[in-house]
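Q: One structure is given below, represented as structure tokens, and several questions about it will come after.
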Amino acid sequence: MARFFKPQKRKITDTKHKEITITRLDHLGAGIGHLNNKPVFVEGVLPGESAVVQFTEDKKQYARARVIKRLTDSQARIKPQCPIYDQCGGCNLQHLSHQGQVTAKQQSLTELMTKFAGADQAITQVEPIVGPDTHYRRCARFGIRLDNRGQLQFGFRKKQSKEIVDVQADDRVLDLFCGLGNFSLPLAKRANTLVGVEGVEGVEGVEGVEGVEGVEGVEGVEGVEGVEGVDEMVHRAHDNAQYNQINNAAFFQANLEQDVTEFSWAKKPFNKILLDPARAGAAGVMEHVVKLAPEKVVYVSCNPATLARDSQILLHKGYQLTQLGVMDMFPHTGHLESMALFVRSK
């Protein structure tokens, strides 16, 4: 009989309070300091700040700790706007100025790409795409539970807990139409600029992993081939192209983790490829992308860890990472969206 179990955290034997100074933030927004030559991750503390902490998890390679008392304050620290910020698990960076958040995300992204992907440190930083830092969500997920008295509780969940935080603020429901729509056009234009399709004749095609229904900015190219793993997305792409009277784009459904070079659409001479995978990345696709030998590859990512992992294949196959940029679509959170341009060495 198979036995399924959840791995247990290493038992905490050192419960003493320790003083630590944070030197930088990781790509999820947690502060990083060092004790006994081991990195310690601490939520809610900024670079340059010192704090008294207590370990909550202790492993051979790293540790996690909670703040007992903050001893110093960074100039970048601000007062959180949300009255339940310290309790709610929705966001974790409201104590850092918005500009500080963008800068920290840029630094974390560059460090990941240079350390784990082996990219050259002399990467051109593309100007970040930013938008409003408040009221930018178009939907919210609430928790519902019965308390000990049998009364229904409705609200956000506490950090790492099933308990409900009561929302008392006046802005209980965000405006219906204040979503992320304002990012669509700037993102499409920035991607087109990186890949080099604006006003260029003779571009054979762009292949997208996901989101091929977004077909803005293809007027100046010879042809575009969009490929999706999900059939429904292909239908949406066809409808979108027809609605916008775009006649130089074709869309196909395929398992992108198979050898795509055998498909009829892949036998065309592609010279530019646009990848837009889910958080899991495009590990099963990268070897096939290299076989198509495009001049340029633009990788749009919602997970910097998988971007760094997938980039290794391109870099090892003769591509250079020439431009890297952050899209701050989710301010005050550790979510890091990015775009990277890879150019094949001549």
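Placement of Cβ uses the backbone N, Cα and C atoms for every residue, glycine included.
In case it's useful when we look at the structure, here is the feature table from TrEMBL:
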ACT_SITE  Cys302  active site, nucleophile
ACT_SITE  Cys302  active site
BINDING   Gln151, Phe177, Glu228, Asp276  S-adenosyl-L-methionine binding site
DOMAIN    11-69  domain 'TRAM'
Q: Can you count helix, strand and coil residues in the domain 'TRAM' (11-69) using DSSP?
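A: Secondary-structure composition of the domain 'TRAM' (11-69): 0 helix, 32 strand, 27 coil.
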Q: Measure from the CA atom of the residue listed as 'active site, nucleophile' to the CA atom of Gln151 (S-adenosyl-L-methionine binding site) and give the result in Å, rounded to a whole number.
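A: Between the Cα atoms of Gln151 (S-adenosyl-L-methionine binding site) and the residue listed as 'active site, nucleophile', the distance comes to 39 Å.
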Q: Which residues of the same chain, at least 6 positions away in sequence, have a Cβ lying under 8 Å from the Cβ of Cys302 (active site, nucleophile)?
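A: Those within reach of Cys302 (active site, nucleophile), by Cβ under 8 Å and sequence separation of 6 or more, are Ala278, Arg279, His335, Leu336, Glu337.
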Q: A 10 Å Cβ contact count, applied to the binding-site residues Glu228, Asp276: which residue has the minimum?
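A: Per-residue Cβ counts within 10 Å for the binding-site residues Glu228, Asp276 bottom out at Asp276.
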Q: With every protein chain in view, how many other Cβ atoms are within 10 Å of the Cβ of Gln151 (S-adenosyl-L-methionine binding site)?
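A: There are 8 such Cβ atoms around Gln151 (S-adenosyl-L-methionine binding site).
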Q: Quick one: mean pLDDT on the domain 'TRAM' (11-69)?
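A: Per the prediction, mean pLDDT sits at 93 for the domain 'TRAM' (11-69).
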